[in-house]
């Protein structure tokens, strides 16, 4: 555990209430939503739909992050005091950033896949196979694990001595000011994990929009639905990830040569923390936008629910039959006696 000599006197009022509320809502909604999305995308992948591979990976990434939220809820409710082991801190930070940047990668793959399907339906068919999607998804998981593995080797906790009610309390990862290795890593992530995916998604969605708008065979109502979906996808990406990365860049510039006792950038750090909470909303938006708004996705989800209901009813029927037999046997035994 690394000891940080900086003394922060911030009272954590905003984070104490905002973060737990946001994280609790995201956890309650995103866990069942992403489990459902995993089921839907698995069914789509079984139907030789390469998009299902990307959706499955996206849902898995969101679910893994959502499962760490109870730890972050506890952390923020305790005024940024990490009460668990340093290993859990490292693991939580790893899955948090793994989700941020694997999500942007898988969203980019989905945008490219839809672009090729609409604009070049025959020309690049070899890029739209399950095999290619599986290899691409596996490569993303490996690369993201490699780039984020640095978080597992660094000391992600530091001790702060400014709360008069406590002898000390432990921070997890979000140190102020940023260390040099964090600045370099953040600049790399912002370029490769945010800027390039955002540009790619916007270009692909614009090309799809133009192709759909000029397609005479598509009904106007269907065109409007597709255009609204494209706009929602782009807007969600921008709202969830842009504020965070803007604040990351600002922090990298302001804190590059900042002394540990310099509190001039603390307001910026507070705004940055709010944008971190905002990124968690992506876990809720992804399954809704990518799995449950399409007719195929809704149909698959409905089939899953019917299957589960049928199994439940069959199980209840079996229990009633067993109970009936048991009661009849008991009556027969009483007669024999």
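Glycine is no exception: its Cβ is also placed from the backbone N, Cα and C atoms.
Keep in mind that what you see is a predicted model, and the values were worked out from it rather than measured.
Now, the feature entries from Swiss-Prot:
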- 7-162: disulfide bond (DISULFID)
- 89-172: disulfide bond (DISULFID)
- 81: N-linked glycosylation site (CARBOHYD)
- 168: N-linked glycosylation site (CARBOHYD)
- 156-176: region 'Extracellular loop 2 (ECL2)' (REGION)
- 12: site 'Proton sensing' (SITE)
- 16: site 'Proton sensing' (SITE)
- 144: site 'Required for activation' (SITE)
- 245: site 'Proton sensing' (SITE)
- 1-7: topological domain 'Extracellular' (TOPO_DOM)
- 45-48: topological domain 'Cytoplasmic' (TOPO_DOM)
- 80-84: topological domain 'Extracellular' (TOPO_DOM)
- 121-128: topological domain 'Cytoplasmic' (TOPO_DOM)
- 156-176: topological domain 'Extracellular' (TOPO_DOM)
- 215-218: topological domain 'Cytoplasmic' (TOPO_DOM)
- 255-264: topological domain 'Extracellular' (TOPO_DOM)
- 294-337: topological domain 'Cytoplasmic' (TOPO_DOM)
- 8-44: transmembrane segment (TRANSMEM)
- 49-79: transmembrane segment (TRANSMEM)
- 85-120: transmembrane segment (TRANSMEM)
- 129-155: transmembrane segment (TRANSMEM)
- 177-214: transmembrane segment (TRANSMEM)
- 219-254: transmembrane segment (TRANSMEM)
- 265-293: transmembrane segment (TRANSMEM)
Spatial neighbours, same chain, of residue 16 (site 'Proton sensing') - Cβ under 8 Å, 6+ residues apart: 76, 77, 79
Of the recorded positions listed as 81, 144, 245, the one whose CA lies nearest the CA of residue 89 (disulfide bond): 81
Chain-internal residues, separated by at least six, CB under 8 A from residue 144 (site 'Required for activation'): 98, 101, 102, 105
Assigned element (helix, strand, coil) containing residue 144 (site 'Required for activation'), judged by DSSP: helix
Three-state secondary structure, which DSSP defines for residue 16 (site 'Proton sensing'): helix
Euclidean distance between Cα atoms of residue 172 (disulfide bond) and residue 245 (site 'Proton sensing'), Å: 19
Same-chain residues near the topological domain 'Cytoplasmic' (215-218), Cβ under 8 Å, at least 6 residues beyond its ends: 226
Rounded Cα separation (Å) that holds between residue 81 (N-linked glycosylation site) and residue 172 (disulfide bond): 8
Within-chain partners of the topological domain 'Cytoplasmic' (121-128) [C-beta distance under 8 Å, separation at least 6 from its ends]: 50, 113
Number of Cβ atoms other than its own within 10 Å, given for residue 89 (disulfide bond): 22
Neighbour count (Cβ, 10 Å) for residue 172 (disulfide bond): 22
Spatial neighbours of the topological domain 'Cytoplasmic' (45-48) far in sequence, C-beta under 8 Å, 6+ residues away: 56, 130
Three-state secondary structure, which DSSP defines for residue 81 (N-linked glycosylation site): coil
